[in-house]
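Taking it in order: structure first as structure tokens, then the write-up.
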Amino acid sequence: MELWFTEKHTEHVKFSIQVDKQLYSGQSEFQRIDIFDSPEFGKFLTLDGYMMLTEKDEFIYHEMIVHVPMAVHPLAKRVLVIGGGDGGAVRELTRYLGIERIDLVEIDRQVVDVCRKYLPQTAGRLDDPRVSIHYEDGLKFVRAEENVYDLIIVDSTDPFGPGEGLFTKEFYGNCFKALKEDGLMVNQQESPFYPVDAIAMQRAHKRIVDSFPVSRVYQAHIPTYPSGHWLFGFASKKYHPTEDFDASAWMKLGLKTRYYNPKIHIGAFALPNYVKTLLEEVEPGR
Amino acid sequence: MLKMNRFSQEKAPILEALNRYKAMRVVPFDVPGHKRGKGNRELTEFLGAQCLTVDVNSMKPLDNLCHPVSVIKEAEELAADAFGAEHAFFMVNGTTSAVQSMVMSVCKCGEKIIMPRNVHRSAINALILSGAVPVYVNPGMDRELGISLGMSLADVELAIKENPDAKAVLVNNPTYYGVCSNLKAITDLAHRHQMRVLVDEAHGTHFYFSEDLPMTAMEAGADMAAVSMHKSGGSLTQSSLLLINNGVSEGYVRQIINLTQTTSGSYLLISSLDISRRNLALHGKQIFHKVSAMAEYARTEINKIGGYYAFSKERVNGSTIFDFDVTKLSVHTLDIGLAGIEVYDLLRDEYDIQIEFGDIGNILAYISIGDRILDLERLVSSLSEIKRRYAKDKAGMLSQEYIRPQVELAPQDAFYAESESLPLEESSGRICSEFVMCYPPGIPILAPGEKVTDEILEYIHYAKKKGCFLTGTQDSQVNRIQVIREG
């Protein structure tokens, strides 16, 4: 017997992982939640059939979405994580002792409950005393905040389904308002490779460029996401992602990482020409 | 209002007949010529084969909308039961045709009808078709919000006293903004003077399926009502219902409807009425409970932003706002220094959100069962952003005023009179022979037979400047206007 999980990366491309067994399946108010165990990737979480994370490669995503902004703004004290109910981004954040408070806003309580139970690797630091979990729509939460956060991490699902509000101009604008004058925002920004994902990526970039004075994009290689080539957005009111980056200061923190390092930090902002072209297409006045 | 026979409401005779017909696999040698879509592949791909297979002609097993004797008759009876009317007509030429049929059923050429001036263009069109003469009652005006309201009972009483020969009173209930008149008292008053009561209930379908919403026309004892099923009722665009009551002749009204309605009634529209009626009868109560709650939630959140005013029942004043439809999400925008139409355009152009309309001082977002809370969050957040990014000083913002029309000629006489085209700015003092209106909402600024004044021209100019979509004139740019030739 062979049991396979398959996700369609496009209408014509499938990505399959052999599954040992399904550990959990449930339907929340917002989405279908599944946890599988696999020989190659360990346990993995899917939402509505889309891969969210695997135990084997989640470190790449979570290190890149947290350490890049933290290395630019090491004095960040108040951090807001929107989405990210799996706890992976929070786990990386809790390693910074200077952070005083982390608000995690996840719309779906069931995702958090399931991850706590089946994915302690990512959810294990959700009980850190600095973490407050808010179960509500990120768009609504951030609307009410002004001049509060040093860093906002948008760890969203895809631009359709319950996470779609987190790819909108009004959301990025609300985030801008919620940040302090030197605050910054990073977001997962889909893939540039397949056209459908690339359009979503461009739309997000356009809206962020419209909302923030500094907006750059960086990349990482994530084997289980469509095409494996993934982008993140770096938007900031003040700091430049590479010019205001102090490598030695970050090194002094002594954090042990598996993917991120200061050279990766600089290199991640160097983009392939076709990606640069896609981004420039939606940047005004260029 | 919820007093129907629940058991029979589970039937959908037209849907069932269409399904039976499909199962028979009849070979079509009749119209439509696309032959269940096979003759127009592109259209079939676009609309879907399911849809094209039921785009069929009237025939014995499917009845005939012009003269229903079987399944359409049965479906109309079920609709009448669901809406508490003596009879319900399925309409496929829009609520426009339902409003026109109401007016033409009770008024002949030269006969008077009492109505508020802030009616939809379809009501005044009916006057052009029939030759009936309007007696306008000035609607109330909320000066703070800049919206015209319902008719007060006292004003209707005065109009009836001054025009005892009028045949009918037409009430616009609720208005686009959700404002209701004292329908019961107006109806009783008109009936005491042997006048018929017609209700343009285009925005009130949902009232029939909730105990918490304002009174319906049929409950108030009105004689006829035009109900836009395709608005809050969920049927396809252009489908509608005309309800009659109090012994109004079904046969005569059907003849009036058939004067202007197509003889090729679309089964897509007809079946959508049948299916939607069933859904409303069985689930309407829960549906509109949820819609009311969503609208209330959005109002609370919008009012939290500050600067915007999402208004509701607190505006009720016992007269020109006798009641308010809480499913309507109307928001006053002038206090952030933006006209409603400007917020409307920003929502679409900057935030990919399409709302129902924006006028000089307000926007209206239409909330229905198709909405999700997460979409409402987007609307609220976008409004918050618009305030942050675009708010201005409110000085110089024009509030909407009700401009009392100067009626010089009956609409039909003016429409068919010898006319000439003049540039707008040269038309002051002349009698116009056509409409000028912002669309939406489609309430005429000028109607045929009314005098053009400087005040009206200034208003048109301002509406244009703010980006309102003006329509009604022969000149597509609305730079020129047809006025009656003098001398």
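Note: Cβ is positioned from N, Cα and C throughout, glycine not excepted.
Those TrEMBL annotations? Automatic predictions, nothing curated.
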### Query
According to TrEMBL, A:HIS62, A:ASP155, A:SER156, A:THR157, A:ASP158 bind spermidine; which one of A:ASP86, A:ASP137 is listed for that same site?
A:ASP86
### Query
Of A:GLN27, A:GLN31, A:GLN219, which does TrEMBL put in the S-methyl-5'-thioadenosine site with A:GLU106, A:ASP137, A:GLY138, A:PRO162?
A:GLN31
### Query
Could you state the CA-to-CA distance between A:GLN31 (S-methyl-5'-thioadenosine binding site) and A:THR157 (spermidine binding site) to the nearest Å?
11
### Task
Out of A:HIS62, A:ASP86, A:ASP158, give those binding-site residues positioned within 10 angstroms of A:GLY138 (S-methyl-5'-thioadenosine binding site), comparing C-alpha atoms, in sequence order.
none
### Query
Near chain B: which of the binding-site residues A:ASP137, A:ASP155, A:ASP158 have their Cβ closer than 8 Å to one of its Cβ atoms?
A:ASP137
#### Entry: Top Cα neighbour of A:GLU106 (S-methyl-5'-thioadenosine binding site) in the set of binding-site residues A:HIS62, A:ASP155, A:ASP158
A:ASP155
### Message
Applying a 10 Å Cβ distance cut-off over all chains shown, what neighbour count does A:PRO162 (S-methyl-5'-thioadenosine binding site) have?
### Response
23
### Query
Among the binding-site residues listed here, A:ASP155, A:ASP158, which has the most company in the form of other Cβ atoms within 10 Å of its Cβ?
A:ASP155
### Task
Sorry to bug you, but what's the C-alpha spacing from A:ASP137 (S-methyl-5'-thioadenosine binding site) to A:HIS62 (spermidine binding site), rounded to the closest Å?
21
